[in-house]
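Now, the feature entries from TrEMBL:
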DOMAIN    3-132  domain 'Photolyase/cryptochrome alpha/beta'
BINDING   Y225, 237-241, Y265, 268-275  FAD binding site
SITE      W299  site 'Electron transfer via tryptophanyl radical'
SITE      W352  site 'Electron transfer via tryptophanyl radical'
SITE      W375  site 'Electron transfer via tryptophanyl radical'
Amino acid sequence: MSQPTLFWHRRDLRIHDNAGLYRALKAGGPVIPIFIFDYEILTQLPSEDARVVFIHNSVTELAEAYREHGGDLRVYYGKPLNVWDEIRKEYDLAAVYTNRDYEPYAKVRDLAVKELLAKHGVSFHDFKDHIIFESEEVQKNDGGPYTVYTPYWRKWKTMMESRMVPFEGGEVSFYLKPYPTEKYLKNLRQGKAKESIPTLAEMGFKEVKPDIPAKEVPRKVIRTYDETRDIPGVKGTSELSVHFRHGTVSIREKARKALGLNETYLKELVWRDFYSNILQAFPKVVDGPFREEYKAIPWENNEEQFKAWCEGKTGVPIVDAGMRQLNESGWMHNRVRMIVASYLTKHLLIDWRWGEAYFAEKLLDYELASNNGGWQWAAGCGTDAQPYFRIFNYDSQQKKFDKDYKYVKEWVPEYGTPDYPSEPLVEHKWGRERALRVYKEALAEARGEK
Ligand SMILES: Cc1cc2nc3c(=O)[nH]c(=O)nc-3n(C[C@H](O)[C@H](O)[C@H](O)COP(=O)(O)OP(=O)(O)OC[C@H]3O[C@@H](n4cnc5c(N)ncnc54)[C@H](O)[C@@H]3O)c2cc1C
């Protein structure tokens, strides 16, 4: 029997339109797909974690999909390097294929696996699948990464349109073209794997029921996206983020569909590439502000106020509604993410990294690049940030985006009763003035202007 090629699934829990899997299958096979529940990551999570359940369910569905084609997904639980050492002993491997993951932990992990395999004569091939353009593909005309979204978007679009190929009787950008994995599924190694999928209990997790949005979005939502996307009380966004995060849908397919329907939606997808570009080009953002001078902000970091923010008990209705939506559903509307982040970093003067960490713990769609980008934007310290002196007025935001309090009432049932605080934790005018003073002084000092 010829040597098998292994395909390693990570943030791409699907067969359809999967760049790395397509290449592995096309190379001839037989291909054995695998997934590893990463001990290093899982041991850091609480025993009730909806994301682990979502991944477990998705891996189970993926295994079923492979079985329909006669193949089988092998699923492991352990430290990836140890697992790979076992795998390479078990199989006389031809090669390993996978899709690239751009987070710092993943890069170190993949390099270690690549080196281990190379020592035993096995090649490691990785491909772009999770995003549409990698940082190096969308660079400024004079070289170097973009740090401001609008020119990035323009260049992104030019790149996308620069190479058109025939598709379904018309044409499509080469970069959005699907990878027809289905054509080569006959190259899967046939037969049942020896081991089954480890259960949640075996990995120390409890069964919870995550509320996962559909993978298909009604066309109307995308068509009217530019009019509805800022209204948290209506279903006006795609809610695909959890699927993009874990690759249960293809970003190319969704971008292709968006192209003809609504450019505003496409632009939002490009924010995701943009923040990935920032993380790839400036890995320092993981640990601190992009703008160094923001290290000087003397945060108040009041723990009681932070707790009230986390629990949705600040007395600011739209902030409380957002935090409760996050706590109860694992998702928060984008407009409200901006409002709660602004309230934390400006009115409460709490370090944006506290908020970032809380979101990372709770969001089903948690993605380091977008979360870090969103928080640095709100705190004013990111690449393409709102300036620190533009501070969201939560009352105006309420009036503009939830004037009938539909969203607030959905998540804060006691709003409007004596059980709801009559005063906010920190009131807008006072909080705004304090933030302006503190930010201004700290930044001036850091820049040597004082
Ligand atoms: C403080 C803060 C933290 C955030 N943390 C995350 C996170 O951890 N993971 C995450 O996926 N998004 C994050 N976002 C971005 C955005 O809020 C979510 O992507 C969006 O709310 C997801 O809902 P949706 O799928 O309905 O989005 P839609 O409005 O339907 O947009 C479609 C897709 O475009 C992408 N997108 C939209 N807006 C942004 C954005 N501002 N930045 C990056 N990508 C975007 C997402 O992949 C999203 O699924 C954060 C934003 C802020 C302000």
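Glycine is no exception: its Cβ is also placed from the backbone N, Cα and C atoms.
No curator has checked TrEMBL annotations; they are predicted automatically.
Fair warning: this is a prediction, and the values are worked out from it, not measured in the lab.
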Hits among Y225, D273, W299, W352, i.e. recorded positions with CB under 6 Å from ligand 1, come out as none
Within 10 Å, the Cβ with the most other Cβ atoms among the recorded positions Y225, W299 is that of Y225
In three-state DSSP terms, L269 (FAD binding site) is classed as helix
For L240 (FAD binding site), the closest of the recorded sites by C-alpha position, picking from W299, W352, W375, is W375
DSSP, reduced to three states, assigns W352 (site 'Electron transfer via tryptophanyl radical') to helix
Comparing the Cα of W299 (site 'Electron transfer via tryptophanyl radical') with the Cα atoms of the recorded positions Y225, Y275, W375, the shortest distance belongs to W375
Simplified to three states, DSSP reports S238 (FAD binding site) as coil
Averaging pLDDT over all residues of the domain 'Photolyase/cryptochrome alpha/beta' (3-132) gives 97
For W352 (site 'Electron transfer via tryptophanyl radical'), the closest of the binding-site residues by C-alpha position, picking from Y225, S238, Y265, D273, is D273
Secondary structure of the domain 'Photolyase/cryptochrome alpha/beta' (3-132) by DSSP, residue by residue, totals 58 helix, 28 strand, 44 coil
